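Per Swiss-Prot, the feature domain 'AB hydrolase-1' maps to 51-360. Per Swiss-Prot, the feature active site, nucleophile maps to SER157; the stated evidence is sequence analysis. Per Swiss-Prot, the feature substrate binding site maps to ARG227, ASP357; the stated evidence is sequence analysis. What Swiss-Prot lists as active site is ASP323, HIS356. Sequence annotations record features per position, and here Swiss-Prot assigns site 'Important for acyl-CoA specificity' to ARG325 based on sequence analysis.
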Amino acid sequence: MSTVFPEDSVGLVVPQTARFDEPLALACGRSLASYELVYETYGTLNASASNAVLICHALSGHHHAAGYHAATDRKPGWWDSCIGPGKPIDTNRFFVVSLNNLGGCNGSTGPSSVNPATGKPYGADFPVLTVEDWVHSQVRLGERLGIQQWAAVVGGSLGGMQALQWTISYPERVRHCVDIASAPKLSAQNIAFNEVARQAILTDPEFHGGSFQDQGVIPKRGLMLARMVGHITYLSDDSMGEKFGRELKSDKLNYDFHSVEFQVESYLRYQGEEFSGRFDANTYLLMTKALDYFDPAATHGGDLAATLAHVTADYCIMSFTTDWRFSPARSREIVDALMAARKNVCYLEIDSPYGHDAFLIPTPRYMQGFSNYMNRIAI
């Protein structure tokens, strides 16, 4: 690509690392004596530190949400369509922070990191994490950057769950919550999909109980299958039909079980292959468990409105009509609970053919609604 970046891009960005040496107590009962978080920033923090926006990523996301790491990069960050000058999260107004979560595999301390107690990768010995644990770790990052209160915490899917948890755990630190394509907890069906994905990894002979790094291998097949299952749930039936239909890769059937015959088979195998080369299997297990465990209403006997009684943020909840992983009905559960708790909330349900992945795709109505809300935030 050209060395000149698009006018609405944040341009060249450099990841940074923050190290924390104060122990972090975790929900599982264990603690991390120290940890590192990799993050990027876009825009400029104003003198009163009142214009900061935190981006929380989804299951396979990371800190590189916008811009480019090099002039030769083929693609920008994963949410570049939403972050930059004149975009919904306008870097002419906001100072944006995007991080790789604790337990991740893109530089932050996680299963592939070296355990200082053993000198070997944590592997399966890395503690199980929850959404609350992530929020607690993110608070420290904000403080390190001089941010005591976020103008907004924003996220899609698992990122939206983090944004919601922020308003519950630290109500005084968040003015606005933008929760996109999310849910107040996983359904039994969603937990089931996660379990199938985990079993694909756990039963891969190359997993070695999570110590595959010590063996110099990766559970490639398990990761491929996990990603293939997950990817099906991110797309709608209509979008898969439109994109692939029943199209064949060649003009005839092979009448065997090993050939890649349909275009959709080729797509899924490509996605699985690509994912298995860049993602850590233990991190995948951790992320899916954090999803499964998320249930903030459990502290009040399942009453989400009671859980939200003390929150002070304003909320923007968005969903997409063809998202069956986290359907609009799940977003409306959050909206209904906020209304019952007499909180300020706006809700936008967007017609989109793209399923759960719609929160990553810049369709006009989505961009307009997102921009309209963010532009209302006083800084």
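Heads up, the Cβ atoms here are built off N, Cα and C, so glycines get one too.
Recorded features from Swiss-Prot, shown on the structure.
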{"residue": "SER157", "record": "active site, nucleophile", "DSSP class": "coil"}
{"residue": "ARG227", "record": "substrate binding site", "DSSP class": "helix"}
{"residue": "ASP323", "record": "active site", "DSSP class": "coil"}
{"residue": "HIS356", "record": "active site", "DSSP class": "helix"}
Whole-Å Cα distance, HIS356 (active site) to ASP323 (active site), is 4
Close in space but at least six residues away in sequence, with Cβ under 8 Å from that of ASP323 (active site), the same-chain residues are ALA181, SER236, SER352, GLY355, HIS356, ALA358
Quick note, the residue listed as 'active site, nucleophile': same-chain residues at least 6 apart with CB under 8 Å of its CB -> ALA58, LEU59, ILE180, ALA181, SER182, ARG325, PHE326, HIS356, PHE359
Quick note, ARG227 (substrate binding site): same-chain residues at least 6 apart with CB under 8 Å of its CB -> ALA197, GLN271, GLY272, PHE275, SER276, PHE279
Averaged over the domain 'AB hydrolase-1' (51-360), the pLDDT of the predicted model comes to 97
Same chain, |i - j| six or more, Cβ under 8 Å of ASP357 (substrate binding site); the result in sequence order is TYR234, LEU235
So HIS356 (active site), by the Cβ count within 10 Å over all chains shown, scores 23
